[in-house]
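Enquirer: The structure under discussion is supplied below as structure tokens; questions concerning it will follow.
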Amino acid sequence: TKLKKKSELRMASTSQPPRGKAACKKIFWAVFPHACFILSLVIYAFLGALMFSHIEGNRKVNLSEEYRKFLQNLWHISRNLSDNMTENEEIFKEKIHALLNTAERDWFVNPKDIWTFFGSLFFCCTVFTTVGYGNTYPVTRIGKYLCMLYALFGIPLMFLVLTDMGDILATVLSKSYNEFRKLQSKILASKLCSGSTCMKSRAQSKAVINEPLTIMEVLKSQPGVKKKPVKYRNAEIFEMLIARENEHPKPARNKSIERWSSCPELARGKTMSRVIENFDKIGKQLEKLDVPIVLMVLVIFVYISCAAAILPNWETRLDFQEAFYFCFITLTTIGFGDTKLEHPKFFLFFSLYIIIGMEIVFIAFKLGQDRLIGLYKKVISFCGEKKMPSMK
């Protein structure tokens, strides 16, 4: 029997995984849904870059009638200038400017120079983030159809990533704000309360809370118990003991843990069910977020200012103000396209910055929407109270 008990103990110890491995598995399956979404978006962007670089980069440039007319008009203007040297220079500039406005960029640019892998990757990011600068766009009919299909699946995937990462940011913001409020209340309480009296009251409260009463103390504290008959007294004591047990419940032994540890298949099933529950919780923390809108505006200002200070290091034509404007237009997905980048592939390293920034702006818009709805409710209720006739 002793040998059997020893063998059973060894089997139980070997069946249970070490605590370090169990903690690593728990962290892995907790991070897995978030990493799955981000990895899917990265793979989708790379596949789109390969597709558009192959389709648009290898297209043939056909000289159209508009391009021939453009060359003819340019030749006539230059010939008239050489024949009539007394022609006003301002008139010549106006003619050239009007002619250049009719030109298309595709006439003078090699598609392979635009639709490189990094250029196509930058275009894909502008598509599924709904920024759409307009600097790069598909020209072929197949490229336009594929662009619509690519956006049809890419935009929901991007919003899914934004919602998932928004939960993380919402949790961080709410916890930080709550900790700040707790610290502020503690500082205020320490200023208002004197040291000796507070310490005594705290000690008394801790003694009352932490020290459970014994059966004799419970009986002594009930003077009416002794005067009653025995059977009623026993019933009342029994009720008091049950109430006392409910106030200080003992931690119940979870037998399911022993079943999961002894059966790996059940443990794996429980882990998968928890992962599926994590997928169902997407967007819940974002709905519970309640922080001041001024704080979110301050976070957005600081976040954009940091990027605006770094961006002019490789985009030499941009100063701080232009870079701030460009980052704001990008993160709000307006994307006018009036500010062009000389090195868009360097800006791709800011892709994580763009995703997090769009999440922060999305959270700010969500909070602003909630505040506006609350304001409308207050205005409507106020107008209803003033204008509704009183029923007598």
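Glycine residues also receive a Cβ, built from the backbone N, Cα and C atoms like all the rest.
So TrEMBL lists these for the protein:
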| type | residues | note |
| --- | --- | --- |
| TRANSMEM | 27-52 | transmembrane segment |
| DOMAIN | 113-169 | domain 'Potassium channel' |
| TRANSMEM | 114-133 | transmembrane segment |
| TRANSMEM | 145-163 | transmembrane segment |
| TRANSMEM | 291-311 | transmembrane segment |
| DOMAIN | 299-369 | domain 'Potassium channel' |
| TRANSMEM | 323-341 | transmembrane segment |
| TRANSMEM | 347-368 | transmembrane segment |
Enquirer: Please work out which recorded stretch in 27-52, 145-163, 347-368 has the most C-beta pairs separated by under 8 angstroms from the transmembrane segment (323-341)?
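Expert: Counting Cβ pairs under 8 Å, the winner is 347-368.
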Enquirer: Restricting to the same chain and to residues at least six past its boundaries, which positions have a Cβ under 8 Å from a Cβ of the transmembrane segment (347-368)?
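Expert: Residues 118, 121-122, 125, 129, 161-162, 165-166, 169-170, 173, 286, 289, 291, 293, 296-297, 299-300, 303-304, 307, 311, 327, 330-333, 341.
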Enquirer: Restricting to the domain 'Potassium channel' (113-169), report the mean pLDDT as a whole number.
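Expert: Mean per-residue confidence for the domain 'Potassium channel' (113-169): 90 out of 100.
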Enquirer: What residues elsewhere in the chain lie close to the transmembrane segment (291-311), defined as a C-beta under 8 angstroms and at least 6 residues from its ends?
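Expert: Hits for the transmembrane segment (291-311): 173-174, 177, 318, 320-321, 323-324, 326-328, 331, 347, 350, 353, 356-357, 360-361, 363-364, 367-368, 371.
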